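*Asks:* One structure follows; several queries about it will come next.
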Amino acid sequence: MATTTATETINRPNTKEVNGTGPDTINKGAPLTHTTTNITLSPELFEKLYLAPKVPHSASVNRYANATPLGFLGFVISTFTFSMVLMGWGGANGLPAVAGIFFFTGPVLLLLSTIFLWIQAQFFPMMVCGLFCVFWLSFGLLQLPTLGLAEAYSSPKEMNAVIALYLIVWGFALGTFWLFTIRINAVFAGIFFFVTLGSWVLAGAYFRVSTGDFKEAQRLQKAGGALLFIVAILGWYMIFVMMAAEMRWTISLPVGDLSHFWKSTDVEIAAMENEKKD
């Protein structure tokens with residue numbers, strides 16, 4: 001359980017008694033004391049608000065709004081669009097028409113969120129937003145024919161093989177992040193699990209293009225798009241949960257809290273915090 005303790009000091013007012021109903025009469029001269037109020041938040045609500053492992057944060061974190069939903073919004077809108085184009089919904093084909101998701105919708109919101117989370121000392125969300133920010137920017141460059149990237153290769157086969165290797169590396173990076181999300185909640189872990197698989201499936205599609213097997217490449221592309229669509233659904237759900245918590249809605253949707261599997265870590269952190277206070 002994440003517990004916040006607030007201590008309030010009440011000073012005895014220096015007022016005169018009027019008609020025998022002044023503060024001195026009401027309290028009958030009893031001295032006022034310090035009052036300690038304990039407010040207990042469940043681990044699940046704590047994770048909903050901050051979407052980060054339970055680690056000590058800077059004292060300035062409470063001065064600012066939670067920046068995590070801002071980055072998530074850019075990521076989810078971009079991923080939704082990207083996944084539907086990959087699956088060919090409505091006859092969609094090609095990404096140049098939605099190049100804005102690679103340079104503005106995703107990266108701008110993710111970059112702002114990364115900066116704000118860095119200021120707030122929110123390490124893991126900052127790393128997540130920064131990771132996806134550079135992904136959209138780097139992958140977006142591949143969708144700009146004006147750069148003439150293909151001209152550096154003797155054949156399309158070589159370029160597609162390079163992109164496939166690039167996506168494989170991204171899959172390993174995302175898989176590494178997934179290992180750390182399993183101590184937060186199931187929805188967040190699910191996002192990284194499916195985006196890791198999606199990255200590797202799309203890598204397979206590019207490999208098939210490089211070998212000329214376009215039919216299999218199309219199937220893998222649609223499969224990768226379906227996996228990213230699941231990622232977008234989970235991300236949208238997480239945005240709704242975080243915004244509902246921030247806006248103090250009475251509903252409380254489950255996110256599959258996993259923090260209770262890491263009690264030993266929480267105890268160690270609590271001990272470290274107590275040593276600092278002493």
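Placement of Cβ uses the backbone N, Cα and C atoms for every residue, glycine included.
Nobody curates TrEMBL annotations by hand; they come from automatic prediction.
Sharing the record's features from TrEMBL:
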- 1-24: compositional bias 'Polar residues' (COMPBIAS)
- 1-30: region 'Disordered' (REGION)
- 70-91: transmembrane segment (TRANSMEM)
- 97-119: transmembrane segment (TRANSMEM)
- 126-147: transmembrane segment (TRANSMEM)
- 159-180: transmembrane segment (TRANSMEM)
- 187-207: transmembrane segment (TRANSMEM)
- 227-245: transmembrane segment (TRANSMEM)
*Asks:* Hey, would you say the transmembrane segment (126-147) packs against the transmembrane segment (187-207), going by three or more CB pairs under 8 A that are 6+ residues apart?
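*Replies:* No, the transmembrane segment (126-147) and the transmembrane segment (187-207) are not in contact.
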*Asks:* Quickly jot the same-chain residues contacting the transmembrane segment (227-245) by Cβ under 8 Å, restricted to those at least six beyond its ends, or write none.
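*Replies:* For the transmembrane segment (227-245), the sequence-distant neighbours (Cβ-Cβ under 8 Å, at least 6 residues beyond its ends) are 45, 48-49, 51, 66, 68-69, 72-73, 75-76, 79-80, 82-84, 86-87, 187-188, 190-191, 194-195, 197-198, 201, 251-253, 255.
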